[in-house]
Amino acid sequence: MFSRLNTPLAQIIILGFVAFCSPGMFNSLSGLGAGGRMGSDVALVDSANAALYACFAVVGFFAGSIVNKVGPKWTLMFGTLGYIIYSASLWVYDLQENRAFVIAAGAILGCCAGILWTAQGAIMMAYPSEQQKGRFVSIFWTIFNLGGVLGSLIPLGMNLTNNGQSGVSTATYTVFVVIMCIGTVLCLFIAPPSKVLRPDGSKVEVHQNLGWKDELKGVVKVVTQWRILCLIPAFLASNWFYAYQFGLNAIYFDIKTRALNGVVYWAAQIVASIMLGTLLDYQGLHRRTRGLLGLAVVTLLSMGVWAGGVAFQTTFDRSYDSPIDWTTPGFGGPFVLYLMYGFTDALYQSYLYWLMGAMSNDSNTLARFAGFYKAVQSAGGAISFGLDAVHTSLLVECIVCWALVAVSLPLIFLVARKVTDTNLDVDQADAEKNGMSKVDSGRDSIAKVGGHDDF
């Protein structure tokens, strides 16, 4: 039974459902705006999110080394615990208004999430073959965001009778916590890369298990590569907009409509990831050409949507006190805009994962890529939620989101134009340079020396 689960496809599906149950549910709760509450609670949850992303950024920088040393199964399991604690803190706040617990839980979640998302990124980029990396990103993103869709349907159904009340029911929090616990159990079925066998007979590239000192040297080497340096603005921008978008949802819409918006926001991400993944894996074109076409799609849609967002944001500010629902005249425009925010989010992040996966096949290197990506991404999140917590103008926030994406795109192009059809020769040369042996494993030749049994 377990050998059947040790294929890249089975592993990415399991990984997707871990994310479905943990960060997927968290995204739904966040997407409701202020953890399902409005008014003064928006500032509280912004503060908790600032603590979350600050801790995430610090841990993420070293998380690649931690994942390489400890292994994906246990790091994923550890990571899921933070989501349970954070959701429980919102539940407790709903009953007792314990503000300190919410902020502390945010910091704990930041530490846990830094580990979880680094392990996730390493698995998603390392387990598939070079020809399937776009597809695997889309499979993961689809299952992960199904969590967001379901998580938004839960409060939508439970709160249809709220008649415009801004909070969510206590039962909603209970359901979220139970689903997150299921995600923790699913981590037990994650296999180490040394035991993953692709359909063509090739294995995941695993290099020797380095000591902590050498691991940290590896992190420094990775983050000083010119391509990674060029991607820093993109990493920074990739979660910056959540504070603005979720705050917009909390202020402009009532609770039922917020939940509906959450459904379409995450559903749009599924559609976007499938479309982009199909393009990026199309074998009729060279990988570099696919990458440049994918970037053109990301650029055109992102710039267009943010331009529309700025135009919409000029029509109201934070003092807006008449939340609309789906029966309000003029609802369609803001609804479609929010849907497109989700669509372009998936395009942007899926493309970055594919691009990093196109830069290497080595699982250790990809873990370091993922850790640094999440560290910079979370630093941006910490700043943006901090700005939102001090009631920065929504128009200013929107313009900054647009500007960050705009600045990042030319730098992404510099990296995308250097993509090659394969990294196998480069990876083999690096392995031989470091005294590693060559192992023929079917179609792909890989370098391997006693990789850690758990990654």
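Yeah, the Cβs are placed from backbone N, Cα and C, and that goes for glycine too.
Note that TrEMBL annotation is computational and uncurated.
Remote same-chain residues near the transmembrane segment (12-30) are listed as 5, 36, 45, 49, 76, 79-80, 83-84, 86-87, 90, 109, 113, 116-117, 120, 123-124, 127-128, 136, 139-140, 142-148, 150-152, 154-155, 176, 179-184, 186-187, 189-190, 242, 246, 262, 266 (criterion: CB distance under 8 Å, separation of at least six residues from the stretch ends). The transmembrane segment annotation in TrEMBL covers 12-30 (among others).
Per TrEMBL, the feature transmembrane segment maps to 50-67 (among others). Same-chain neighbours of the transmembrane segment (50-67): 75, 86, 103-104, 106-111, 113-115, 117-119, 122, 212, 215-216, 218-219, 222, 239, 364, 367-383, 385-386, 389, 455, counting only residues six or more beyond its ends whose CB sits under 8 Å from a CB of the stretch.
The feature transmembrane segment is assigned by TrEMBL to 74-93 (among others).
Marked as transmembrane segment by TrEMBL: 99-127 (among others).
Distant neighbours of the transmembrane segment (139-158): 9, 12-13, 15-17, 19-25, 27-29, 31-32, 36, 120, 124, 168-169, 171-172, 175-176, 179, 255-256, 259-263, 265-267, 269-270, 273-274, 277, 346, 349-350; these residues of the same chain sit at least 6 beyond its ends, with a Cβ under 8 Å from one of its Cβ atoms. Residues annotated as transmembrane segment in TrEMBL: 139-158 (among others).
For 170-191 (among others), the entry in TrEMBL reads transmembrane segment.
Annotated transmembrane segment per TrEMBL: 226-243 (among others), in sequence order.
The transmembrane segment feature in TrEMBL is assigned to 263-280 (among others).
Annotation source TrEMBL lists transmembrane segment at 292-315 (among others). Packing against the transmembrane segment (292-315) from elsewhere in the chain are residues 248, 276, 279-280, 285, 333-334, 337, 340-341, 343-344, 347-348, 351, 354, 394-395, 398-399, 401-402, 405-406, 409, 412-413, 416-417: each is 6 or more residues past its ends and has a CB under 8 Å from a CB in it.
The transmembrane segment annotation in TrEMBL covers 335-354 (among others).
Taken from TrEMBL, the feature transmembrane segment applies to 366-387 (among others).
Under the heading transmembrane segment, TrEMBL lists 393-416 (among others). Here the transmembrane segment (393-416) has Cβ contacts under 8 Å with residues 227, 230-231, 233-234, 236-237, 240-241, 243-244, 247-248, 251, 288, 291-292, 295, 298-299, 302-303, 306-307, 309-310, 313-314, 316-318, 348, 351-352, 355, 359, 380, 384, 387 of the same chain, all six or more residues outside its ends.
Positions annotated as region 'Disordered' by TrEMBL: 435-455.
Against the transmembrane segment (99-127), stretch 366-387 shows more Cβ pairs under 8 Å than any other of 170-191, 335-354, 366-387. Sequence-distant residue pairs (6 or more apart) of the transmembrane segment (366-387) and the transmembrane segment (170-191) include fewer than 3 whose Cβ atoms are under 8 Å, leaving the two stretches without contact. A contact links the transmembrane segment (226-243) to the transmembrane segment (335-354), because at least 3 Cβ pairs that are 6 or more residues apart lie under 8 A.
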